[in-house]
């Protein structure tokens with residue numbers, strides 16, 4: 001009997017320990033007991049400590065100088081974790097535990113804004129929309145109401161190894177205004193002369209297709225953001241054909257995850273990367289390749305008159321949730337990333353983050369040459385291309401459609417006719433997303 | 001001929017062993033290398049283990065996360081074992097038709113995936129938070145309570161109880177023990193191996209639990225170790241050497257628990273299947 005009593009006592013102790021712990025913690029939160037965050041504190045969720053979190057910390061520092069009374073807590077969560085937490089929290093209808101400000105990738109933004117329209121706080125009056133890159137406004141707005149403060153630019157460029165180019169008889173000047181077909185031709189020459197592959201691709205990530213079609217002002221979905229636009233999408237058809245040409249030319253190295261992707265370039269096994277500007281730190285990580293890289297404008301689609309030398313890959317924006325403290329949160333965003341030119345200079349010098357705030361490109365940091373890229377003024381170039389990115393509506397189903405296209409792409413590479421491939425994809429998408 | 005067969009068998013087993021151990025080995029090797037070496041697929045140990053370790057402890061809050069995980073896992077395991085064994089014992093020893101029906105319903109609940117329960121559960125805790133913030137969202141109790149016992153564990157104890165010699169219980173009763181006394185003084189000591197197996201299963205699943213703690217824990221100070229690891233991979237340029245080192249540290253407790261109870265575990269598992 002004594003033993004049993006002891007056991008029960010132990011259990012009671014353990015239970016008591018964990019509940020008292022919970023008690024102190026929730027008291028520390030301010031104990032307002034109701035829904036949502038604490039009104040006197042701004043909580044922010046973001047991912048990537050070296051990029052978004054760092055940027056927010058800089059914004060916090062500048063803001064704290066004028067507003068010592070506002071407490072700002074930045075919480076790091078992986079992107080997929082944020083999506084999971086937001087979806088659970090928002091769909092269960094309880095705002096308890098949700099942050100005041102959250103970072104959402106542009107491709108996903110509409111699915112949140114449309115699914116939970118009352119849960120986001122409009123930012124229309126918090127910043128001047130015309131000061132930001134045009135292409136960022138579509139994904140962050142519903143109608144004329146702005147919900148997201150545009151953040152980093154996903155602007156793309158073509159990173160290229162100049163030493164391999166020279167061995168193949170080309171210079172950087174030959175790359176300035178090229179089409180994807182010319183890009184492939186140069187790639188074949190490079191492979192022939194150096195034995196190095198031209199680029200590295202992941203068959204499960206069709207980012208390069210997204211880049212190609214956005215450069216022509218087209219997307220997986222029609223302008224309403226809800227209807228799949230695959231079967232009669234000329235840009236997508238050409239992007240598919242270009243992809244196959246790359247594969248058939250035998251100039252593609254395959255990777256299956258991010259670490260392999262970066263490794264293919266850091267080890268010098270692949271010679272060019274058509275991707276977003278956020279790839280810069282991965283390139284510069286291989287210090288021994290300094291001076292061997294250049295960034296040139298993105299190639300454009302060969303047979304599409306609308307296609308330009310600018311596109312976007314990735315990129316995200318800040319959103320204010322409709323929980324207590326939303327006014328303070330909106331004011332914070334407006335005063336920092338919404339209007340502070342100096343802050344954007346710091347983002348470039350300290351982090352290498354290129355914003356989409358147009359007045360910022362006049363600043364000093366945007367005009368500084370980068371020695372790794374042979375003195376090229378890369379930030380200025382990226383800022384210039386950012387302004388040229390065609391505006392498309394990413395809609396609600398970008399990733400759902402991409403899952404379909406990944407499969408159909410394999411069918412296409414295995415010999416299925418292109419029109420049939422896209423028609424089949426359209427059929428699947430129509431039945432799946434409605 | 002028999003010898004040849006043996007050679008093939010060992011060959012097959014060796015390959016299977018290598019395949020299943022390789023990820024573990026790769027983790028250990030990678031924790032001694034720099035991020036660049038990891039991405040380039042280096043398979044040999046490097047000299048960077050201590051550098052990774054110091055980086056991990058300097059830049060990442062491993063210790064608080066480990067303590068959180070330990071607190072949650074140990075509490076869950078103790079409570080789950082107590083509740084599930086009492087339930088399993090009750091279902092088997094005091095059998096009746098109604099109880100068998102209840103048990104079948106309980107088993108059906110094993111077939112509902114957790115993802116389907118998550119939103120309603122979150123909603124429930126959201127409501128509880130308003131009246132009792134002590135066990136509401138963003139507390140350690142909110143992680144423990146939904147997993148405090150599982151249908152599987154009750155099933156596991158009930159199946160093990162089937163082979164328990166019931167005469168012993170009778171003997172205890174005749175000697176004047178109360179029903180709870182019978183349970184704690186006769187049943188629990190006899191079923192040690194079952195408890196050991198159940199402890200390992202519960203501790204491991206609680207230690208590795210990811211989805212529910214992810215949605216319900218919001219403050220960084222309350223993070224468990226799987227959430228911490230998930231964050232490490234979130235950056236555009238992750239440091240794989242350090243990540244592997246942290247994962248290595250995170251696997252140690254489960255490994256220790258497993259090796260401590262391994263002997264009982266095997267006995268308990270085979271015992272329950274018999």
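Numbering starts at 1 and runs along the chain as displayed.
Cβ atoms here come from the backbone N, Cα and C positions, even for glycine.
Note that this is a predicted model, so its numbers are computed, not measured.
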Matching range for TrEMBL feature annotation, transmembrane segment, among B:194-212, B:213-231: B:194-212
Which range of B:72-91, B:172-191 is transmembrane segment, per TrEMBL: B:72-91
Of B:7-29, B:103-122, B:194-212, whichever stretch has the most CB pairs under 8 A to the transmembrane segment (B:240-261): B:194-212
Any contact, the transmembrane segment (B:103-122) to the transmembrane segment (B:194-212), with at least 3 Cβ pairs under 8 A: yes
Residues from the same chain, set at least six apart from the ends of the transmembrane segment (B:134-157), whose C-beta lies under 8 A from its own: 68, 71-72, 75-76, 79-81, 83-85, 87-89, 91, 106-107, 109-110, 121-122, 125-126, 128, 194, 197-198, 201-202, 205-206, 209, 212-213, 216-219, 222, 224, 272
